[in-house]
Structure formats: C-alpha cells, structure tokens
Amino acid sequence: MTPPPTVRIVHSGQACNVEEERYSERVYTIREGETLELQCLVTGHPRPQIRWTKTAGGASDRQGDSSLHNETLKIDNISRHQGGRYYCKAENGLGSPAIRSIRVDVYYLDDPVITVHQSVGEAKEQFYFERTVFLRCVANSNPPVHYTWRRGREALTQGSDSGVEIYEPFFTQGETKILKLKNLRPQDYAEYTCISSVRNVCGIGDKSAHFSLNNRTAPPSIKLLLDDPLVVNPGETITLVCVASGGDPPPTLRWVRPGGEELPRRSVINGGTLTIPAVTVDDGGAYSCMASNNVGNPAKKSTTILVRGLRKGRFWITPDPYHNDDNIQIGREVKISCQVEATPPEELQFSWLKNGRPLRSSERMVITHTDTDVSPGTTNLDIIDLKFTDFGTYTCVASLRNGGTPEISIDVNISSTTVPPELTVPRGRSHLIAQEGDTVDLQCLVSGKPKPIILWSRVEESGGAAAAAVALMPDGSAETESYDGVLRISNLTREMSGTYRCQTSQYNGFNVKPREALIQLVVQFPPTVEPVYTEIRQALGRAFSLTCRLLRAHPARLLRYEWKLGSRLLTVGQFSDQRDDTNYLVRALNREGYGEYTCDITNEAGAGRCTFLVTGKAYAPEFYYDTYSALWENQPRVYGFKLQWTQMEPNAVDRILAYRLGIRQMGQSRWWEQEIPMEGTIQKGELLTYNLTKLVKPDSYLVRLTPITRYGEGDATERIITYSAPVNPHLREFRCGFEDEAMCLFSQDKTDEFDWTRHSAATRDTKYTPNTGPSSDHTGSKQGFYMYIETSRPRLDGDKARLLSPIFNMNSKSSSSSSSATNNPTYCFAFYYHMYGKHIGALNVFLRQKGQTVSDTSVWSLTGNQGDRWRQAKVNIHPTTAFQMMMEGVRGSGIEGDIAIDDVTIEEGECKDPPPKSLILHISLI
C-alpha cells in the first residue's frame, strides 16, 4: 500500500481573480500590499514531505530563503517583486515527486510622471519659443497602463487638434504615451493632465499627474558656491552649497557620491546645502549636485574634497650600486630614501636632519625630491664618498606646506654596525611536525641593522613540474608581516600543512635582493572514518557484518584497529597498505549481541571511531492520511475514526506482536492506552486498520502508535485527529466503506429472506466456510469492514438479501421539471465486489426511484465465480426523482457462495475510466 504523492494547490487570502490557463496552469491575481495565502494539499503514503519554491524568470528567487517546508505559503503585504511562479513539491521516496505550480500576478499602479523635452537640435536660448515640444507620461504598472491626456478640461485624442499628435513609441508599447505639440502655439501654454488607468482591476483606481507649460518653462541649471578642489583639515566642518541658477518649474536639488556610495552618516542636507561636521580622511573624494525638474535633462556639477593628511611613512637604504656588495663601506656611495603618501600631494615637503640638526644639499650630501604631482612622494639623500664622520642618525621629516596635520619623522642610523639583513632558520626548525588543534611557532632569525620587517607567505606546489603557486595564509591574507620573525599559528588544521616562506621586506631596511628561507610544516591528524554513527536494526538469530572505512589520516602508516561491544574487546589488528576498511562479522545475533559496537582506528595523532548501535527495535509505523470516509457519526455526542497505517520495514526485526495505542484529548494531560494484538506476520505495505470509537465531539485527539516485538518497544509515531462534521448523505460525492456501525445510513430490506452482514477479517469466526469470501477488505486491511452475505445453512438456493442506500433527494429543478431525461443529472454509482466460490449465485444492483409510485430498475448484474480478488464496478445512473440504490445478493446452489461488497460511492457526473497507477497531479479550488 504505497501510493506515490499527488498534489493540489488551493488558495485563501485576498485574490482578485483566479483563472485557469491552458495545460491546467492557474494564474492567481492579487493587489500589491494584500496577503497571499496558498495551501498545498497532498496525498500519498508514506506522508509526503512538502517544499515550496519560487522561480522568477527562470532563475531561483533568493529573496528570503527561496524554499519553505510547510503546507501553507503565506506572504503578508506582498510586493511586486514577489510575483512569479510558485511550485509545491511533494515527495515520499516513491516514484517521481509530485509538483504543481501556480503563477502569482501582483497588480499595482504607481503615480505617473510627466517629463518634457524639446526636439533634438532645436534648443536655443528661448527654449520653447516656436518649437516642437514632447510631453511624455510614464507610470509603472501591472497590467499595462492605459493613458489619457487632458489640456485644461479638454480631452485630447489623436486628430482632435491638428497641432497635437499622440503616439506610443514602438519600443515601449503600452508603457508610455507621448504628447507632441508641433510649433508651439499660444493655446498650447496650458495645464496638462496625464491620467493613468489599469481599468480598476483589483480595485486599483486611476492616478494622474499635472504639468503647467508656459513661456518660462526651462530645464535646470546650477552653480556651486565653493572652491574646486576644496582642501580642508581633518576635524573641520565643511559646507557644500549648490544653488539653482535657472529652470522652471523650480528644480529639486540633491547631493550624491559616484558609484552609488553613501554620503557620510554625519552629514546634514538642507535643500542644496550639504554640511559634513568633523571631516575625516575617508570623507574625501568626489561629490556631485544633481538638479531635476522633469524638463530636459538633469543638471549635474561636481567638486572634489581633499582632506589633508600624511600616511604610510617608509624608508630604505641602498648600498653603492656600482659595486656588487650589499654592505656599506667607507669611501663608497650610500643612498637613504624616504617615502610618504600625502593629500594633497602638491603640499608635501621634506626636510633632512643629521643628529637633530638641519641638513642642506651639498656636493657630498645630495638631496633630491620627486615631482609634487607624483604620489606617494619620495625624497633621497645621496652620501657620496662615505666618511667616518658621516656616521650618525639621519632624520627625514615630511609635512604639508599649509599645516593642518602632524608631521612624520623617520630616523635612519648609518654606522659601522649598519649591515644588510641575513635570514636563518634555527637548527631543527625547518621541518616541523604538529597535530591538529595545536599552536605552533614558525621562526626565522633575522640579523642586520636596521632590522627589517619580515613578510610571511605560503608556497603551494601546484603539482608536477609546474611553478610554485601562492596560497593564502591561515588568516586568509596573501602575506603577513612580522617584526620579530615569528609566525604563530593557533588551532592548526590539516589544510595548514605546506611550505611557508619568510622574506625580508624592502621597506624599513636595505634596498637589496630580499633574503628568504623556507619552513616545511606537517600537520598530523587522527584517522577520519565513516560511518561516525549508524543504527542497525536486526532480528535475533540473523547474521550481519559491520564495516568501518578509513577516509584519510596522516600519518597513514602503522594504522591499528580495535573492535569493541560496549567495554568488551572483540578483536584487534593492523591495516595492510592495500586495505582501507575493517569488518566485524556477527554470525548469529543473540540477546547479548545487542548494544553499541565501536571500531577505533588509530595512528600517532589519535583515533577515529565508527559507532554502530545494534538494536531490535521496530521501525515506526506510518499513518495513512488518505482514508476515504475515515470519520463517521453514529451517536449524537460522539464520533468514530478509522485509523489506518502501514509498518515501516516490518521484516527488518522480529515479528511485531502488537501495537500499543495511546490516545490523549488535546488540552488534557492524561493518556489512555490499550494493546492491539497482531496475528501472523505483517507484510511491507500492508494497510492495517483500527477503529477508534466514542471520541467526544468536537474535540481533537493526539494518537500515538508504538510497535512491540519480543525485543520490546519500537519507535512510536503520532498524529492528530480533528473532528469535522460529515455531510451524509451528500449527493455530489457520497462514500461509504461500512467502517461505522451505522453503515452510512444503509438499511436492510424488510421483504427479503435474509440480511447482509457487516464484517471484518480480523473478527471472522474460525469456523467460517473455506474457499469462499474475502480475507480482507478491498484496501487489503484485515481490520477494515465490508458487507457480505453468509450462504451457509439454513440459507437455500435462490434466497435474496437486499441492502438499501440512504434516500437521495434530487434538486428542485430536476424534480419539478417534466422535460426529457436528458435534462436530468447523471451520477456514477461505483462499488467493489468480491465473488469467490464454486457456489456463487448473483449480485444485482437496482435503481429505486420514489416518485408517485416506487419503481425498481436493474442497472447492473453479475453471476458466478469471479476469483479470489476484489474488483470494481461502475455504472451511470439517470434518476429523475428522489432515489436510493439497492444491492441484492442471491444465494447459489451451495455453501461456498459468499458475496461481499465494499467502498460504495456516488459521484456527480459520468463515470470515468479508473486512473492509471502512475503519478496523478491535479489542481483545483476549494
């Protein structure tokens, strides 16, 4: 009993319209700002998992989390961007998933905007004097907007005025409407109104925009009342003033930064005035003033703010370039360079000191500077023919000509101890082995004066003879600076293994070829194994094998394994180079064999563990939610419910002996429990049934079902039963599975020889006649009920038992009409029958009409043995007045002649072929 899922989408909420399109797609129309509510109703067993997704324009919509695992999709205050196609997907692992979609169309209408342009190439100082003018109206909308124009109170249409043309550009069909005023006339100076309409769909009213055209109408022009560029000191308050110098109507002004960058958060805007208090270096850059009045093109003027500052002071020492020697020596040249980034660069100025005293350029002490327009700026001090008296501290001082920011001083010592750097790795530290989670220090010893900054980076072999590629450092950067030559890496991971390079920086040291050294880091980690945890369910006496697989380990040699059950050692061993897994075989499971098995695989770095929980617990039952007529009423204050389920993997463990049924009234804490014994072995997919009775209306109940084997209790599953008043009889769709004692108001005929019997296979008498009658109801359930005729003695050949349905009333139109039967509705009467046995008589179906006289019409009949299986019969009926159906069973020539019926339905409309057993998708409204 494992039907694949089916899906249908129903809606509630605030739809304007829901209409069917071809191929069963539905379009759900809703007004922007309303609440969208869609519900995905599914059938299928096991209960399918539901997922809502949305796609827009073929790409997944990432607004919010594009999927929702819930039956109901609800969007409050829906926006236009949330329109599109929504999919409900249901899957339960059987067959293909069921997918249904509905397109949501969000309707809206924005305020229209009128823009005014003069024909290109005709612009003169008098912008609109004897010129052709275009008024364009645009409004964003869905569905497409319809425009109308008015001049004053006069409606303008194509042809109503020879001086006016109204047209839609072909490339913006339905999106805009242009009014062309040819060679402007005095009467064209007027108030124009554009009315946009979506014809009141979804209750969206018309919207309008106005524009007054006169001989002063002109596009905007602006001017900036400030210096460009504007150079300021950090911490100052700056004010940018933009004023409109022309334009009618008066333009609106706004300040923007290029690339959509936000204005500083502290800034204050008042009309065209932008004030930035306590300006910082980050506030520097371009600012633009924009002016717009919907006439012509917007005006734009820009300025640049330069915030004074000095940053990134660096120095380097260059030995005599004419000698192949990195050392400083008496009698040779040496150059000291100093570099600073300055804003504005033209204000940068350098000065030099020696031992704190000003130093001027001379023949032997040559001071040079780069051009002021080059950034960063650099100054060089060339010492020609170095003498002992030149040893000392040289200071490079960078400042801005107009002040406003502190100066930067850089000291460089030149002496006999000023030597280029050397890099070495301490003995025994060039190949490090550490373990995951450790903290490790990589160290390069740096000598030399001045001591340079050390740059650390990673070198990753890209494979084969390819050149080394740069990999990222553990902190995610390409390079890390260190002042003491130590790189500390905390919380090591296996990904941090590799080669690390330490290298002297060219800055703040000697300008010579960088010195470098390499350190190899090996991160050991314990074995990674699978499965980390798994549960295995087994019956007593069975054989099974447990496998623990090695995925990766470092080192991957000398690996050992150890199997245990609880604390009891089972077996130990060592991996061979060819094996990457280890197995443990249980030949015949006994009670002591249940428990937690572990397999530890170990190396020098630690152990990886596979855990297997071996249990005899039964899997959970799976409730069947698609039972027809599950709920019935046979007493005024109580109701009954047909509970159905299948057992997940019933053969995985020992036979299920019984189910423990727990039931609790919602809102109460007390559970009622009882056991449902199980006879024989439950088959996979077998539908089990138990009838709950005397549930109090209109309360809901929580039901829990727990399978029990000789091992003990298995996994429980729960569901909620909710009362809903059944409509019975209900002509549009009447269903009866005979699960309630009231038999859906079916009744026994009083004029026949014997009665039909309500029965279930689970309660069948052990003395029943063999070789006849069904062994379960039509769904395969031994707990489900059906009706049958018992043909054992004292029944005689030809005895009849008649079962009468409730009386169904025709609607007033049909009952009062005297026209032909073609005007009367057609109904499909369907039922399942079981006619098995060598003495089977006959099963007859009659339509009994209750007009002025009662008439019985035969509509279906079958005789003889039809085999040990349930079959379905369908027949069209055409009643013209109140009617009921009569099922007549006729006893055959012997006792092996039991006839049974089940699941009777009456549906409006003609009978359709039974659906194929493939996936069924349908979509309908409630």
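For all residues, glycine too, the Cβ spot is worked out from N, Cα and C.
Positions annotated as domain 'Ig-like' by TrEMBL: 5-105 (among others).
On the 0 to 100 pLDDT scale, the domain 'Ig-like' (112-194) averages 81 in the predicted structure. The domain 'Ig-like' annotation in TrEMBL covers 112-194 (among others).
The domain 'Ig-like' annotation in TrEMBL covers 220-304 (among others).
Marked as domain 'Ig-like' by TrEMBL: 319-415 (among others). Taken residue by residue, the domain 'Ig-like' (319-415) breaks down under DSSP into 6 helix, 49 strand, 42 coil.
Residues or ranges marked as domain 'Ig-like' by TrEMBL: 421-520 (among others).
TrEMBL lists 527-615 (among others) with the feature domain 'Ig-like'.
What TrEMBL records for 627-727 is domain 'Fibronectin type-III'.
Among the features that TrEMBL reports, domain 'MAM' is placed at 734-913.
Across the domain 'Fibronectin type-III' (627-727), DSSP classifies residues as 0 helix, 51 strand, 50 coil.
Where the domain 'Ig-like' (527-615) meets the stretches 220-304, 319-415, 627-727, 734-913, the count of C-beta pairs under 8 angstroms peaks at 627-727. Across the domain 'Ig-like' (220-304), DSSP helix (H, G, I), strand (E, B) and coil residues number 6 helix, 46 strand, 33 coil. In terms of DSSP helix, strand and coil, the domain 'Ig-like' (421-520) has 3 helix, 49 strand, 48 coil.
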